[in-house]
Amino acid sequence: MLKVNNVFGSNPNRMTKLEDEHYFIDDIVSIKNRQKSKMYVREGKRIGHGSFGTVTQSILSSNSIEWLGPYAIKRVVKSPKVQSLELEILQNIRHPNLVTLEFFFESHCTTKDGGHLYQKNFVMEYIPQTLSSEIHEYFDNGSKMPTKHIKLYTFQILRALLTLHSMSICHGDLKPSNILIIPSSGIAKVCDFGSAQRLDDNTELKTYFCSRFYRAPELLLNSKDYTTQIDIWSLGCIIGEMIKGQPLFKGDSANSQLEEIAKLLGRFPKSSIKNSQELQDSLNDQKFKKFMHWFPSIEFFDVEFLLKVLTYDATERCDARQLMAHEFFDALRNETYFLPRGSSMPVHLPDLFNFSASEKRALGEYYNLIVPSLD
């Protein structure tokens, strides 16, 4: 069970604006030692915004002379009506494929009408590139993302999901813009946990969340009987987008989204179909041919991998462990280099198999199938 340390106290900081466009926070908390300190914050350009709030490139200083950073500060409005796991996750889970939280603080400011706005501020490592922008870098220039890059980013996303799912946490809004990447090294990190949920018996589950293009069929049907496998569906949509250069399914409503999905997967299956193995085999064969048509440039094992991810029945979707062991990732197990975009020199792959003790426990019997053989 994750726990949030109550380090803020009862009085959030009032951001004191100084003359040279930085402000002073007298109660900022370091994640490394959980100690409070006083720091100056200077915000630069805005690098993200949405219904959640804003993200700005920022630097910090204890004396307004020597500055640390850059960092990314995500500022969200604090609401008693909205319970978020974001701080719990960022504060308690340290993982190479999850964005790192460095500091955090609460603040408040006065609105134009004289009211008060209370905010949470997450000071995170600064990684300016997203998987979404990387996809556009390739396809806007008339090229395609290399297969090895697709597999490299996919494996790291799965590794992040393995950790979250082993704690019964679903991310809830997995999409290319929520995957930070460092193209020169091939590193990928999942970010934005504002929609994350803990799926246990004591949680009242919501049904309207996750960006529509990446929303699992069970969510589109307003089912409350869902699992962490909704993230696996979203991952399948992300893989398809890396292959094709645009979202796989682009509906403008829940119903039209299901219609778009049906163009690839066929109509949503009736329960009676499961009782006919012959019919099921026929449908699977048709689906495989349709996948080959939609993704003509990928190989047999890659199509088979997608079939294990993009399936209506959540119980038939492979989980993170099973997918990490798939032949789809053999190129990452058998080779040690990749060629970054725009580079003529190969570089070492990031360390993909440096699993922690908790990851090894979560992998269980799959561990030996995932790590490269010593032969």
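Keep in mind that glycine also has a Cβ here, set from the backbone N, Cα and C atoms.
Cross-referencing Ser211, Ser234 with Swiss-Prot, the residue annotated as phosphoserine turns out to be Ser211. Ile47 (ATP binding site) sits 19 Å from Asp173 (active site, proton acceptor), taking the C-alpha atoms as the reference points. Taking a C-beta cut-off of under 8 angstroms and a sequence separation of 6 or more, Gly53 (ATP binding site) has the following same-chain neighbours: Lys74, Arg75, Val76, Val77, Gln119.
In terms of Cα distance, the recorded positions that sit within 10 Å of Ser211 (phosphoserine) are Asp173, chosen from His49, Val55, Asp173. Distance from the CA of Asp173 (active site, proton acceptor) to the CA of His49 (ATP binding site) is 15 Å. In sequence order, Arg46, Ile47, Gly48, His49, Ala72, Ile73, Lys74, Arg75 make up the list of same-chain residues 6 or more apart from Val55 (ATP binding site) whose Cβ falls under 8 Å from its Cβ. Just so you know, the Cβ of Ser211 (phosphoserine) picks up 18 other Cβ atoms within 10 Å once every protein chain is counted.
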